[in-house]
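A.B. asks: This is the structure I have questions about; it appears just below.
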Amino acid sequence: MSSFLDILGDGHVNFEKCGDVVVSPKDNMVAMFCHFCKDIFTHLPEFMRHLQWSHSDVLQFTKEQNVYRVEELMSLETSEDDVQSQANSCSSGDSGLAGEMEDADGEPGSSECLANNLEIMNALAAFDVDVDGLNNVSHEQSYSKTPPDSRTEGFRCARKPGRVEKPPSICDLKSYNITRHSRKREAIKQRLSSVKKRIMRSLENDVISPRLNKLRSKLNNSLSSNISGPPKQSKMPSLLENSSVNELPAVLESTNPPNFDSEQPYVVSTTIKPSIRPCPSRTAVKTDRNISHQPVARRSTVNIERVDILPPINIKQKMKMSAKDIPFWESIIISSVASQQPSELNTTNNAVDQPPKRPERRSSLTVISSSPIQAMKPMRRSSMTRENTSPESSGILRSGEVESPAKANKRTKDSFEETSSSNEKGNAKRSKLEQNRCSMNFSLSASVTEYIRSDLKTSKLDLDSILRLAEPLESDYFKNTIVEDQVKNATKMGSPQKEFTKLQIGVKPEMEALKEDLRLLKTVGLLVLKDSCFEDKLPFEQSESFRKTAAKFSKIYHTYDTIWSYRKTKTIGVHQRLTEQLNSFTEEVNREIDCHLTTNEIKRILNLINSWYAYQIDQRFFRKATLSYSVEHYMFLFHFLPKINPTVYFCECCEEIFPNEARYKKHVQSVHAVHAFTCSECGKSFKRLYFYEKHLKTVHLKP
């Protein structure tokens, strides 16, 4: 090959066009087109052999040329690329050494590359090719660029095969995942912010519902009469009549409040609410009818013209006050209640159906809401023996006529005199109240009367109707005695009620069952199952004896795992073998503890132990309760019992077993308990009459 290069440099080489390269992008193929025979070859070695064998006369080959495959020439280069890719994959990918490693690789035609391929070296040795000379030429070409020959300047050089793209490294994949998650978080934040803006916009532009507007209009209509304004013409005469001449100037004065006595307690309350009026200096807002304005809740300015303060009230003097000296505020309450129409009184009964309103401050003249006493007034002295209410007590509520102030004052005076009576009169009144079952069981004292008086400032009831509730009526007493006599006579003659035969219930009373359980538990030393603090009531020697007995019983119980393990009990499968185990366990317990217990009593003890142990496990591990020292000691004796898995409950009347306490109790209640209703034909018991009658109709076909 060195001689060929020398000839090429001397210019003695004849360049002959042998063929063209044909490319088919559709089929993804490259072929060589022979210029002499017009034939196409898909492989380069095949094309070279064709030229040597078929067109040697034209090309004038002096001897046979050796032709190598491209795969053989490129095998070493591909192996080096694989080694380089492995080195790059082992590195972090961010060190920046890939370019240096590519520059450090030798050229495919160098001596270092050819020396690794044995076949190429043998072929070169057959033709006496100098490898070192080739290496020097390659180095000279790498360091100094040879000027192109004028004869070969128009030809293109062979291209080096391009490198395959490297797969992404681990760091590249991690960075890609991080950026993808960050983009997702940003998208979620934008979506949430848009939803938040939409919610805030809907809250700002929310229109008040028609139901709320209706409630607000009702509230405004109810309060329109209470807001300050000119008083009604119908109530003014009654106010002027009831008020005395000396007290009117004190009420009409707006700036000079009355002098209060510092030694006596006093109560201050407003008689008139602050008047809410539009400001005169403010101009009215003009609105266009064609534009629909949305209602906006704003606070209007309050213009308070005057505030009147009531004079102080002396409780001792008011209790003994005569009818002529009734204070002005009491006459206002009486007149306002008397002037109410029946329609207005009936509206208070519907107050329960209305939605709750905002509580407002009470005033001495305004009626804001109905009192709970008023709602209970129609239910006064409700009893089965009473048929009609007395006309005296219900006349005030039913009649709409205005009562004269003199009669009202007289009735109020009588009620106050009765409350301040002597002890003998109070005892007689108390005995009279006890005889009447329908009346109240207490008498009103002066403090209670004053409290009721202050609490009824805003209600639509007067004080007299409340005081009459505590007084027994003679007519009611006679009516009650007559009805009681009729009931006694009816019971003596015999009522048409259904009489059912009373059967003795097989289940023992609770006290007897508890005594029986205590006796059984005392025998085996397990009183802690019923009383967790029983050791505190006993001396030390006796408590130690109980602990020793319980330890013996638990040791024997531990050996019979087929009794306390539900899984092993089910594997036995035959009730006879389980009965044999219980009998042997009973005999061993009687022999070790020196007692005389039956098999049913042993079953009862085991059921009590399982129920108590399950309850203590629930308290300790699930409810995190602190157990006493004695309870923990006895729990340790039965540590082998299952804590979560099902345990064994034995029926004391039959041979059935159950995995939990609920099924055991249901079985006893439905099968072995004798109830009040028992079928005479089949002997089945029923807890309720409905099921007994249904059983008779469906099973025995009885009407």
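A Cβ is built for glycine as well, from the same backbone N, Cα and C atoms used for every other residue.
Reproduced below are the annotations present in Swiss-Prot:
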type     : residues : note
ZN_FING  : 32-55    : zinc finger
REGION   : 78-111   : region 'Disordered'
COMPBIAS : 84-94    : compositional bias 'Polar residues'
COMPBIAS : 138-147  : compositional bias 'Polar residues'
REGION   : 138-161  : region 'Disordered'
COMPBIAS : 148-161  : compositional bias 'Basic and acidic residues'
COMPBIAS : 339-352  : compositional bias 'Polar residues'
REGION   : 339-434  : region 'Disordered'
COMPBIAS : 364-373  : compositional bias 'Polar residues'
ZN_FING  : 649-672  : zinc finger
ZN_FING  : 677-700  : zinc finger
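Give me the structural setting of these features: burial, nearby parts and distances.
C.D. replies: Counting residues of the zinc finger (649-672) by DSSP class, helix then strand then coil, yields 12 helix, 4 strand, 8 coil.
Taken residue by residue, the zinc finger (677-700) breaks down under DSSP into 10 helix, 4 strand, 10 coil.
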A.B. asks: If you average per-residue pLDDT over the zinc finger (649-672), what number do you get?
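C.D. replies: Its mean pLDDT is 86.
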A.B. asks: Would you list the DSSP helix, strand and coil counts for the residues of the zinc finger (32-55)?
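C.D. replies: Within the zinc finger (32-55) the tally stands at 11 helix, 5 strand, 8 coil.
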